[in-house]
Structure formats: structure tokens, C-alpha cells
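Asker: Look at TrEMBL and you will find 66-85, 97-121, 151-174, 180-199, 252-271, 291-317, 376-393 tagged as transmembrane segment.
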Amino acid sequence: VKCIRKHRRFVKTKSCCIMFSVNNVIDKDIQSMLLPLSILQILSCSPKYEIKNNVMRPNSFRTNTIFLCVVTLTISFLSYRVYVICQKPLVQNLKALLANIIIEFVLFSIGLVINFTVNILQMNRFLELIMMIQKVHSLLNDKFLFKRYVLCNWISVVIFCMVHGLSFICFVSMTNIRLYIFFYTLGVICFDVNTIYAIRLIKLLTDKVELLNDQVQNLRNVDHDKLGLLCRNMFNAYVNISKSYDFINMSYLFIFQILFNAVSFFIQVLMNWKVILDMGKFFKSDNVIPLSISTVFKFMSSLMIKGVVYQIILGFYCEAFYKATDKVLNVCALVLQSECSEIEKRLCKNILRVHRVNFNKMKICRMFYIDAKFPLKYISLLANYIIVLIIFACDTRCQ
């Protein structure tokens, strides 16, 4: 059997050359893990890789071209639709509504462009992340836990599609601008896919850290002849877990998406509240709330619920990863204080050293940490600004 040597080669397409490593062979377990997430990426027209003949490669020129055409078509159609909406008398009479429509379109367009650009520029780094995760899986694997993880991936994708599908059907039934709602929903899915991907990868790393913790606790039950190899594999697994987490923590692909979701959600909710308050004053002579106010309120409510749920889930999984890591450190500290072999001490010292040098909590652009407290701080900040808007609106009415 010939050994596969590590080397790189170029695959020529019609207009470009794509470099990939022929040793990027993906085993069946990792492919089963990536399949539901890959389907989600294809539905959002933002794939990050291609798997052919069990080899993972960057997207081809054709795939990137299709992705670019979808982004261009979406922005072009939404810009035309925004122009048509802004010509209506109601929108022109309400400056807050006009500003809300324009700001929402600008944020939406910037998000699509940056998402496409970052997706193209970091394709090779994303492949490196998957290969590191595969190394971890080869060293730390529990079949039952991994099958449960894959099942949860499918459940997450199904729930994600159902939520966005139902929201699309609801808003289409309320309005007659079906294409506008379709392209807007497509863009929202494109934004949310990266967040879902980061959440599921963090969950996988958490499972691997818990397996590592169990193995460290059971080192005394291992034969001395096998102890050296086992400790070496455990240390390599922890190093790859640390590198994978650092990639997610430092990757613009995930960090930008989390930051963009938080900032855009914050701005849109405040703008929608401002629109509702201004429209309430505009229609204060009517006893019946117009359909436009009801539609805006329902849209704002669904947007708020989705944003809060994503922040809570992300903070929950990040906090679980931090706790699992702290548990490993505590176990290593206990092992060092006990009577153990030099091999075990060396393993625990190396794990503590790697953690001390490399580990940092996920921090978005040095602004805030992503942990269990993040959703509470985020909701508290948002509630404070909403209360200020309501107070200003009440003062204006009293005058």
C-alpha cells in the first residue's frame, strides 16, 4: 500500500486555480456530522466547502460565481423594492419609518457583502478547522455521544428550517410582496447559518473536552505499557481542541456574524419601537390600530424573539465549554497533588501550560464576552434604551 504523502496541487477551473491538499480526506463520521450543516449552507446559498470522493476542497469558481450572483440579485431587488416603498405617502410623512427602512436595507446589504467576502477569503482556514476537528475525533471518540450529536445536528437544522419557513409563510399571508419577503428571508438565513454552525462546533468541542476529562480521571486504571502512548494522544487531542476553539474565537467568519447579529438586532429593535411610537401619534385620532402598525409590531416581536433565542443559546453553549475546560484543569491539579507517575504529571503540566498560554473566553471585537451573562446584559441594555424611547414619546405627547 502506497503512503499518501502530504503535498499540494492546483485544480484548474475555467477562470481560476484552487489550491487544496490531497490529504484532506474526510472519514465517514465527520461527513455524517457535516451533512446537515452542509445542507443548511446550500439552502442559504453560502457553502464553505465541497466534498467529492471523500476529499474536502474549497468551493469551485462556479460555486462562488453562483453565490455572488445570488448576493447581487438579492441586493438589487431589495434596493428597488425599498425605493418603491419610500415613494408611498405614509412613509414620506413618517421620518422614523423612512429612516428605519433605509437603515435596515443598508445593514442588510453590508452584511451580505461582508459575509460573501469573508466566506471566500477564509475558505482554506475553514478546511484547516475541519481537519483539526477530525484529528480530535480520531483521538477522542465515543460512538454513542457522537451519534447523539449528529442527531441533534439534524434536529437543529429541521427546527431552523421550520422557524424560517413558518415566518416566511406568515408574512407572505399578511402582505402581497412575496418576492421581497423571499429575498429578505434568504438573507436572514444566510446570516443565521454561521451562528448555528459556530454553536454546533462549540458543542462538539465541549463533548470532546468531557471525554478528555473522563480519560484523565481514569489514568490510574491504564497499564503502564500503554500509558505513554495514551498520554501523548490525549495531549495532542487537547492541543487540537485548543486550536479549533481559537480558530472559532478569532475567525472573522463566526465573530463577525455574532457581532453583526447583535448590533443589527439592537438597532432594528430600537428603530422599530421608534416607528411604532411615531405611528401611534400619527394615527392617534383613530380608534382602530392600522394594519401597518400591527404588521410592524409582529415583525418586531418575531425579530426580537429570534435574536434573544440565538444569544441565549450561544451564551449557554459557550458557558458549557468554559465549565468543561475548567473541570479538566481541576482534575489535572488534583492529579499533580496525588501520587502519580511522571508520565501523568507531564501530561497534566502540559495541559495546564497550553491552557494558560492559549485559552481566552470568546470576546467579540474586545467589546463583550460571550458567556451565560451575555444574554442578560444584552437584554438589560436593550430594555434600558426602549424605556428611554417610551419616556421621550410620553413627554412629547404631554407637551
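Heads up, the Cβ atoms here are built off N, Cα and C, so glycines get one too.
Remember, TrEMBL labels are computer predictions, not curated facts.
A quick note: this is a predicted structure, and the numbers were derived from the prediction, not measured.
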Asker: Which residues of the chain, 6 or more past the ends of the transmembrane segment (66-85), have a CB below 8 A from one of its CBs?
Answerer: 45-47, 59, 91, 101-102, 105, 108-109, 112-113, 116, 119, 177, 179-180, 183-184, 186-187
Asker: What residues in the same chain, six or more past the boundaries of the transmembrane segment (97-121), come closer than 8 Å to it by Cβ-Cβ distance?
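Answerer: Apart from its flanks, the transmembrane segment (97-121) reaches 46, 48, 59, 64, 67-68, 71, 74-75, 78-79, 82, 85-86, 90-91, 184, 187, 190-191, 194, 252-253, 256-257, 260, 264, 267-268, 271-272, 274-275, 278-279.
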